Amino acid sequence: MVDALKKMGKISRKGPVVLVIMDGVGFGKYKEGDAVASSRTGTLNKLYKAYPWTKLKAHGTAVGLPSDDDMGNSEVGHNAMGCGRVFAQGAKLVNASISTGAMYEGTTWKKLINNAKEKQSTLHFIGLLSDGNVHSHIDNLKAMIVQAKKEGVSKVRVHALLDGRDVGELSALEYFDPFEEFLSGLNDEGFDAKIASGGGRMVITMDRYNANWNMVKKGWETHVLGEGRMFDSAHEAIVTLREESKAIDQDLPPFVIAKDGKPVGTIEDGDSVILFNFRGDRALEITKAFEAEELTEFDRKRRPDIEYAGMMEYDGDLHVPAQFLVTPPAIDKTLAEYLCASKVKQFSISETQKFGHITYFFNGNRSGKFDASLEEYVEILSDIVPFEERPWMKCAEIADRVIKEVENGDWDFIKLNFPNGDMVGHTGNYQAVVCSMEGLDLQIGRIYKAVMEAGGVMVITADHGNADDMFEHAKDGSVKYKENGDPQAKTSHSLNPVPCIICDSNYQGEYETELKSGLGISSIAATCMNLLDFESPSEYDPSIITVK
Ligand SMILES: O=C(O)[C@H](O)COP(=O)(O)O
Ligand SMILES: [Mn+2]
Ligand SMILES: [Mn+2]
């Protein structure tokens with residue numbers, strides 16, 4: 001348990017500090033494709049003129065990723081904002097564990113490998129097949145397969161999800177084709193590795209925050225039971241299903257690879273299974289499907305008796321999964337924990353799609369509260385729809401509730417995540433993103449009014465960019481076009497910086513109006529502490545404000 005924070009005795013506000021996280025809203029680098037800049041955001045424009053603001057780094061090493069070529073993402077972004085400093089993140093830790101060989105010395109790896117060897121059974125890998133480095137990296141998978149062969153495993157089956165969300169929207173074959181070749185190169189009379197099933201990551205297996213368990217059910221049927229449309233190869237499945245459905249990769253229907261009408265890789269008693277995604281939000285449900293004795297969410301029909309391991313521990317509170325390959329970053333001393341120790345009353349809210357971001361990710365990948373008597377978490381249920389069809393999502397409902405809470409005056413610190421910029425940004429639909437940004441801006445205006453009336457402070461920021469970069473650009477900065485002349489949509493996050501605006505209802509000159517520059521989003525935590533009149537702990541990254 002951390003100590004209570006020290007009071008500064010310098011900043012006193014009647015109302016709460018309200019932290020607004022606009023998920024996926026950054027400052028575009030290119031004019032073309034910047035759906036944030038090209039939206040009518042009357043509120044934000046007004047706030048930029050009236051209040052101090054700065055740009056914060058939200059990608060690469062500033063959020064604990066291996067290099068500055070890595071875009072930011074919600075996990076590392078919320079970890080940084082909620083924990084006040086930067087930890088080496090999953091992408092970096094897994095990479096290191098594999099390249100030093102530490103993973104293969106661990107008990108979990110040895111147990112799964114020995115299980116497959118002793119029982120002459122199959123080693124399965126399930127996960128996202130791309131180099132997005134948000135949930136997984138294909139190089140990790142390849143390295144593990146090579147090692148498994150070296151250690152004497154004879155049969156490997158890969159259940160590969162198409163990405164198209166952290167990488168190009170139609171890039172799957174750039175990963176699948178060379179990967180199939182890679183497997184063929186390894187295969188010999190003693191070793192047999194194949195892709196056994198697959199599908200789009202937004203259709204099967206990778207649901208999060210209990211938004212749509214039907215996705216997990218479909219994933220189970222595809223990977224475990226081998227039920228579904230059958231194809232001779234992943235290449236054939238992808239080409240055919242694309243042609244028929246016109247879907248982009250993340251939405252491609254599921255497929256099962258079969259030979260002579262029989263699936264090549266169902267998951268059976270005695271097998272070993274590794275979920276090779278390192279990020280937790282979209283790994284928890286499929287993990288539960290494998291691990292739970294009783295499952296109420298869907299009928300598994302058959303639950304194989306297997307050795308199951310995740311790439312990482314996905315929930316540090318609940319210790320899920322039971323077995324994992326790499327220990328996650330030891331994120332401690334979070335903002336919420338410090339605020340609880342200091343008796344600060346805190347309210348957190350988002351809709352389902354980002355509910356865990358503002359709670360679980362923000363608290364360093366822990367699902368529980370630090371002090372239930374001081375904290376309330378509210379989830380507004382997300383619609384189960386393609387978000388380009390409802391780009392406003394639940395931003396009005398979130399704002400309604402926040403305004404009510406601000407007016408009631410029960411909380412010292414309120415934090416919320418608006419998913420619009422990100423969830424709609426991932427669809428690649430430019431018009432929908434503009435609509436999402438304009439809807440969001442209206443709601444920020446409503447919250448702003450309530451916070452000013454209550455005499456509070458509103459801090460507006462984001463976890464990484466997305467909506468600010470909606471077109472693919474060539475290295476020389478020019479927009480890439482499709483054959484039909486439309487710009488090529490970019491569905492993934494951007495490498496761009498994000499805003500931090502401090503709207504203070506009652507500024508009395510207690511801090512410099514010029515905000516510090518060159519900082520990253522990890523500085524949000526210390527900033528919120530200062531605005532709540534606390535000194536920030538020495539281990540935290542510096543506050544954006546300089547208190548006089
Ligand atoms: O899981 C996802 O939707 C994407 O891979 C990353 O988006 P997020 O980091 O904003 O959740
Ligand atoms: Mn995000
Ligand atoms: Mn995203």
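Glycine residues also receive a Cβ, built from the backbone N, Cα and C atoms like all the rest.
Listed features, source TrEMBL:
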- 16-535: domain 'Metalloenzyme' (DOMAIN)
- ASP23, SER74, ASP463, HIS464: Mn(2+) 2 binding site (BINDING)
- SER74: active site, phosphoserine intermediate (ACT_SITE)
- 94-315: domain 'BPG-independent PGAM N-terminal' (DOMAIN)
- HIS135, ARG165, ASP166, ARG201, ARG208, ARG279, GLY280, ASP281, ARG282, LYS354: substrate binding site (BINDING)
- ASP422, HIS426, HIS493: Mn(2+) 1 binding site (BINDING)
Worksheet item: Applying the rule Cβ within 8 Å of the centroid of the Cβ atoms of ASP422, HIS426, HIS493, what extra residues of the same chain belong around the Mn(2+) 1 site?
Response: ASP23, GLY24, SER74, ARG165, GLY421, MET423, GLY425, HIS464, ASN466, ALA467, THR491, SER492
Worksheet item: Taking Cα atoms as reference points, which of the binding-site residues ASP166, ARG208, ASP422 is nearest to ASP23 (Mn(2+) 2 binding site)?
Response: ASP422
Worksheet entry | Cβ within 8 Å of the mean position of the Cβ atoms of ASP23, SER74, ASP463, HIS464: remaining residues of the chain near Mn(2+) 2 | ILE21, GLY24, ALA58, GLY72, ASN73, GLY77, HIS78, HIS357, ASN417, ASP422, ALA462, ASN466, HIS493
Item to complete: Whole-number Å only: compute the distance from the Cα of HIS426 (Mn(2+) 1 binding site) to the Cα of ASP166 (substrate binding site).
Response: 8
Practice prompt. Report the same-chain neighbours of HIS464 (Mn(2+) 2 binding site): residues 6+ apart in sequence with Cβ closer than 8 Å to its Cβ, ordered by sequence.
Written response: GLY24, GLY26, ALA58, HIS59, VAL63, MET71, GLY72, ASN73, SER74, GLY77, ASP422, HIS493, SER494, VAL498
Response to the item:
For the binding-site residues listed (ASP23, ASP422, ASP463), most other Cβ atoms within 10 Å of the Cβ sits at ASP463
Worksheet entry | ASP422 (Mn(2+) 1 binding site) - helix vs strand vs coil (DSSP) | helix
Item to complete: Could you tally the C-beta atoms, other than its own, that fall within 10 angstroms of the C-beta of HIS493 (Mn(2+) 1 binding site)?
Response: 30
Worksheet item: Does anything in the same chain, at least 6 positions from GLY280 (substrate binding site), have a Cβ under 8 Å from its Cβ, and if so what?
Response: GLU75, MET312, TYR314, ASP315, TYR360, ASN365
Worksheet item: From the Cα of ARG208 (substrate binding site) across to the Cα of ASP463 (Mn(2+) 2 binding site), what is the distance in angstrom?
Response: 18
